[in-house]
Each structure stands twice: as C-alpha cells, then as structure tokens.
Amino acid sequence: MARTLLRVPATVTRGEVVEIRTLIQHPMETGFRSGENGRMLSRDIIRRFTCLYNNRPVFEAELHPAIAANPYLTFTLRVDESGILAFTWEGDNGFSQTETRTLTVA
Amino acid sequence: MSSPSWPGCVTDRRALIGGLLAVMLVRPTAATPEALEEAILDFTKGTAPQVGGVVLDIPPLVENGNTVPVSVEVESPMTEAEHVRAIGLFNERNPLPHVLTAKLGPWSGEARIGTRIRLSNTQRLVAVAAMSDGSYRFGEAQVIVTLAACVEG
Amino acid sequence: MRQLAAAALAALTLGAAPRSGFETMTPELQAMQRDDLANPGMLYVADGEALWAQEGCGSCHAVAAMRGVAARYPALDAASQTPIDLTDRIAQCREARQGKPALPPEAAPMLALAAFVAHQSRGMPLQPDAQLEGARRQGEALFRERRGQLNLSCAQCHDDNAGRKLAGSTIPEGHANGYPLYRLEWQGLGSLQRRLRNCIAGVRSEPYPPGAPEYVALEAYLAARARGLVVESPAVRP
C-alpha cells in the first residue's frame, strides 16, 4: 500500500466550500527516462484520481507523466451534508488504492 | 525527464572562482507548439478557446523542474446554470503536451485546482477551462527552469 | 587542548550567524517545506512511524524520548569510543540489540526510520556533541581540502561563494540541518551522505566508499558549523 496524506476539515458548516488536499507516494516513472544500465525505464504512473462524496463523483482527474513524483492534488467541494469521501488512485501495473474520510456538517 | 544528463557541478572552474556565474543555463530542445495546439483542440473538440478568466499560478522561475507547484483558478459562479465542467493543463516542451485534465461541477463551489508538475525546460504552459455553456477559455504562463547543480552521475 | 577546542567552537559561532539552505530557496519551496501536507518528506516520516511500531523500536524507547536526539548527532558511541551518526545508531539498535539483519543504510526503511526520529527534533537547535572534537577537526580539514579535477574545496563554494549562483542554483552555505530530506532532484528522500557524495562527484572527485569514517567526520564539522540553526527534518531542497 502506498502511503497517503489527506487533509479534509473535520467539521464543516452547511454550504461551506472546503479545499481538499491529497498526497500519495508514487514514483510517477515517466517512460522517458533511462535507468542505470542505459535502458529505458517503462512507464509506471497513476493515471486516474477520483473522489466520491456519498458515492457521487465530485472530482476526477486524469494524470500524465508530467505530474511530479508523489502526486499532489487539491480541489474544492461545497459541503451540504455529512458523509463519506472516498479517494481512489488508479494507475499502471494494476495500481489501485482507496482511502476514505468522514466529513461532518456541524 | 528528470534532468537526464546535466553536467555535474560546474564545468568552468575559472568562471566560478572569478565573478561566479550569474548566468542561467537553459537547455534548448525542439519546441512542439503544434503538439500543444493539437492537444488543446482535442480537449475543446475543435473550438478555439477565448483568452481570459483563467488564472494559471506558477512561479516564474523554478530551481528544479522536477516538482513545480501550479494552481489554476477559473472565474465562475459555479452554479447549476453557469459553471466550469473541466480544466485541462497543457505544456509546450515536455515529451508530451498533456499534464492533467480534471472534471468538476457546480458542487465544487469554486473552480480551483492545484498540483505539482514536471517541466523539462523553460517553456509555456496553458490552462483551458470548459464552461457549461459550451465555450472554452484559457490562460497561460511562461516559466523559466534553471538547472540543478551537483547532481548524481 | 580542551580550551583550544572550546575556543575553536566559539570562533565558529562568532562569525555571521549561519543561514539555513531554507533561507535561499524560493517562497514556493519554502511553503512546500513548511506545510506538512505539501511536504513530500512527510510521506516518509509516516512510513517511519509505521516501521517504528512494526520493528519493535517502541519496546525499548518512548517516541517522546527521541525528541532532541537528532540535534545531538553525530555523537560519540560510548562502547566503541567512535563517532557515529543517527543512521549508525539505528543500525546498531537493530543489529546488536535486536539481532536483526542489517538494513541497507540508504534504502527506504532506514531512511524512513531516520526521518521519523529526526522529525521528533524539528525546530530544536543543533547541539553538536563536544566530545567529537577530533572528528570535527578532521572534518574541517576535509572541508578545506581541495579535491577533484576541479580542484575545489567545500569551503570555496560554501564559505567563500555562498549566495552566488552556480549554473541555475544558488550555492547555499551547505548546512546539514534538514536531513534526511526530500530533494526535488532526487524525487525522493535522501541522506546527508548521499548529498555529500553529490557534492564530491560534482567537483569530479571519487566519493569515499559507503560508510567511510570521512563522512562522519564531515558530518561532525557540519554540525559544529551549523550551530545556531534548528533541525528542519524532513527539509525540502531543490
């Protein structure tokens, strides 16, 4: 499992727009770089990131090799109800990881 | 793409000992503005985007092109009737013109995304926003990438 | 002798206050280091925290007892009476006290453990070990020795030309207060010894073999030279 760091406010007032920040450990090997033996290293990147809020997609991103190693992504969300945020990263070589966080409307 | 073969620390000892070079060495490579344009038109399904309303925030000068913070903010009320559907980020001189495409909607509240990108060298970046009325807007930025010193190998 | 040593240390601190490499970075990179969610080094600290539990470090140490430890390293190892750095100490705990196989010093698990331990001292002033006078002096001599095809000493760059540009980079004063750190050039976390190897290779000189005592001597001098700075681990550098 890749290490992730997520910042989601613990409590939110109804209708507030919050910024969500995510960081995941991943080399994002571009496929354009040669390794020690001079041979090209094959591409190994995260290709897709999605965030579901109570099972509804609220943010989706398609990533390319130009995204830096250990991808960092931030986006915003208007919060109308308490619920569960599910973050999923998917990529080359079967990479797939999901993390969840609870958002509570105070 | 990570600094493939910059020289080691310094090659001209005299320059260092003397005035010490204040020059910025920029690696020249073949530009691919056509690929950039093609990628943008693919994103806009052939519509020419209009300039304005898209702010691409990126440092004008970066010390290392491996991890460059960037954010894109689009002017929009983000209502059901009027919002940003997607944002595409493109570059001119990396091996591929695509960087990131993101889908958002009125539930986003604001049209603002951030990430960190790789820039192989000094170049232009373009952010394009797909608006709910079917129009497209764009903003751009020029970034100067300097070389890392004292690297491995 | 002792007195001389103390005077030498005092002289080091009398000059201009040392400036961390943090100070010469762009505001964007400073922000990246400062914010724990933006700082990619924190991913490795989190790994180290998990390893600390997994590897049973907690059976002999409270995490709170690690506060301030990294600020004192390199330190004199009482048993062998030799200077060792933080990685050596962790290796010693693992091999001698836990009877486990050695971890490669620069592989991910050791870097993560060192980052987790060093992070406990973040914000604390460096307290170089005064017992390392011999190593410090050896380190200072190495720092002033010209080397490589470019025939340059560390001091020529980091004392005489700090703040100036080398290619696109600003030459920092070369302080070691943020290791292990996330270097953008490496796209990952790396040790101080790796950083030193980069600088040695940079002047077209052959780096010392891994684990050579010269590294710890240089580290001892760097610690004394950085007196007054605080631990930044995990720092971010270009």
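Including glycine, each Cβ sits where the backbone N, Cα and C put it.
Under the three-state DSSP scheme, C:Cys57 (heme c 1 binding site) falls in the helix class. Taking a C-beta cut-off of under 8 Å and a sequence gap of six or more, C:Cys57 (heme c 1 binding site) has these contacts in its own chain: C:Leu51, C:Cys93, C:Leu113. For C:Cys57, C:Cys60, C:His61, C:Cys93, the entry in TrEMBL reads heme c 1 binding site.
Per-residue pLDDT, averaged over the domain 'Cytochrome c' (C:134-226), rounds to 95. Feature annotation from TrEMBL assigns domain 'Cytochrome c' to C:134-226.
All protein chains shown were included, and the count of other CB atoms within 10 Å of the CB of C:Cys199 (heme c 2 binding site) stands at 22. C:Cys199 (heme c 2 binding site) falls within a helical segment according to DSSP. If you look up TrEMBL, you'll see C:Cys154, C:Cys157, C:His158, C:Cys199 marked as heme c 2 binding site.
Listed in sequence order, C:Ala176, C:Tyr179, C:Leu181, C:Arg183 are the same-chain residues at least 6 apart in sequence whose CB falls under 8 Å from the CB of C:Arg195 (substrate binding site). Residues annotated as substrate binding site in TrEMBL: C:Arg195.
Annotation comment: TrEMBL describes C:Cys199 as active site, cysteine persulfide intermediate.
The subset of binding-site residues C:Cys57, C:Cys60, C:His61, C:Cys93, C:Cys154, C:Cys199 lying near chain B, with Cβ atoms under 8 Å apart, consists of C:Cys199. The binding-site residues under consideration are C:His61, C:His158. Their Cβ neighbour counts within 10 Å are lowest for C:His61. Contacts of C:Cys157 (heme c 2 binding site) defined by a Cβ separation under 8 A and a same-chain sequence distance of 6+ are given as C:Leu166, C:Ile171, C:Gly174, C:Cys199, in order along the sequence. Non-local neighbourhood of C:Cys60 (heme c 1 binding site): C:Cys93, C:Arg97, each in the same chain, at least six residues away, with C-beta under 8 Å from its C-beta. Ranking the binding-site residues C:Cys93, C:Cys154 by the number of CB atoms within 10 A of their own CB puts C:Cys154 at the top. In the domain 'Cytochrome c' (C:134-226), the DSSP tally of helix, strand and coil residues is 40 helix, 12 strand, 41 coil.
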